[in-house]
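Reading through the structure tokens given below for one structure.
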Ligand code: MRU
């Protein structure tokens with residue numbers, strides 16, 4: 001079942017196309033990814049973004065990049081596989097789904113070391129397609145699980161974009177909103193605009209409005225006000241990496257929303273596929289946090305919004321400590337504190 005009239009990642013067996021998310025909401029257009037370098041650039045520049053979406057893009061990018069080496073001998077091909085996988089994993093550091101997807105591709109090749117290069121390529125292609133198919137099923141399942149917490153007429157605050165644009169379909173936190181909508185449950189979504197890249201304003205507002213879901217855009221600094229006014233009964237957000245103890249990295253600003261939710265006694269749900277859980281990361285302290293360019297903060301659309309040469313600090317993610325999280329919803333079900341993912 002499909003929830004939206006667009007697909008973020010389209011692979012037809014030959015060609016990979018991605019919605020260029022930097023053009024939204026003004027324009028819905030696709031860019032073509034021909035190889036690992038195009039995939040890397042699309043991820044780094046956030047033309048494609050969202051933890052599951054960058055993982056899928058990297059998986060396809062690796063297949064497409066290796067297809068250029070189909071005629072090479074076995075040893076050269078495998079060397080290329082390792083070089084490209086390291087390169088793709090370095091595109092963005094925080095979302096573990098990127099490394100997870102690339103490692104899964106490499107493991108497929110490693111499991112069949114004696115295959116012909118052509119056979120390995122076929123295996124890589126079908127693994128990338130499986131990652132996408134599984135993501136779609138996982139997103140739908142998370143949406144269904146979220147129904148336990150979504151009630152008629154509820155106000156729900158969300159941060160960043162965790163929708164169909166960030167995944168294959170449905171999204172993670174937004175999957176709950178789409179499934180509720182399909183079930184005829186009325187909800188009132190409040191979308192934080194999510195400075196500095198405006199994923200809430202440009203992407204969440206766009207996709208929910210397009211789906212006919214009641215969505216109200218607020219600036220990031222208005223969250224306390226709408227909570228104090230009793231407009232919010234739950235907060236639902238995504239995740240880029242969940243540590244073994246439940247600490248969760250997500251878009252910058254998520255932590256302050258979690259603190260506010262605690263203050264106002266509002267439940268705070270994290271919604272993410274199993275691939276976002278990183279058992280090798282013990283706690284939030286071990287999660288690498290991406291820092292992005294000052295340009296994102298001091299200008300918008302080419303217009304300067306701060307003094308030139310001002311000092312800027314621009315971490316793209318923050319970590320919400322597990323104590324502030326009411327529950328973590330995955331496709332496998334809902335986890336309550338103390339978090340143990342076995
Ligand atoms: O920098 P972005 O836009 O890639 O950050 C995205 C987020 O933080 C999302 O909340 C997260 O990836 C979950 S997407 C289902």
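Indices start at 1 and increase along the chain as displayed.
Using N, Cα and C of the backbone, Cβ positions are placed for all residues, glycine too.
Under the heading substrate binding site, TrEMBL lists 49, 50, 51, 92, 199, 250, 251. Annotation source TrEMBL lists coiled coil at 114-141. Feature annotation from TrEMBL assigns site 'Transition state stabilizer' to 160. Look at TrEMBL and you will find 240 tagged as active site, proton donor.
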- Environment of 49, 50, 51, 92, 199, 250, 251, the listed substrate site - residues of the same chain whose CB lies within 8 A of the CB centroid: 54, 95, 160, 161, 166, 238, 240, 316, 317
- Query: Near residue 50 (substrate binding site), which residues of its chain come within a Cβ-Cβ distance under 8 Å, counting only those 6 or more away in sequence?
  - Reply: 161, 162, 165, 166, 167, 238
- Item | Residue among binding-site residues 49, 92, 251 with least C-beta crowding, 10 angstrom cut-off | 92
- Query: Rounded to an integer, what is the Cα-Cα distance in Å between residue 51 (substrate binding site) and the residue listed as 'active site, proton donor'?
  - Reply: 5
- Task: Check the recorded positions 49, 92, 240 for any whose Cβ is under 6 angstroms from an atom of ligand 1, and report them in sequence order.
- Result: 49, 240
- Task: Within the coiled coil (114-141) only, compute the mean pLDDT.
- Result: 97
- Using a 10 Å cut-off, grab the number of neighbouring Cβ atoms around the Cβ of residue 51 (substrate binding site), all chains included. 28
- Could you tell me the C-alpha distance between residue 49 (substrate binding site) and the residue listed as 'active site, proton donor' in angstrom, no decimals? 11
- Query: How many neighbouring Cβ atoms, not counting its own, are there within 10 Å of the Cβ of residue 199 (substrate binding site)?
  - Reply: 27
- Query: What is the number of other Cβ atoms found within 10 Å of the Cβ of residue 240 (active site, proton donor)?
  - Reply: 30
- For residue 160 (site 'Transition state stabilizer'), what residues in its own chain, 6 or more apart in sequence, show a Cβ-Cβ distance under 8 Å? 192, 194, 199, 200, 204, 237, 238, 250, 251, 253, 254
- Message: Through the lens of DSSP with three states only, how would you label the residue listed as 'active site, proton donor'?
- Response: coil
- Three states by DSSP: which one describes residue 49 (substrate binding site)? coil
- Item | Per DSSP, three-state class assigned to residue 92 (substrate binding site) | coil
- Taking the Cβ of residue 250 (substrate binding site) as the centre, how many other Cβ atoms fall within a 10 Å radius? 29
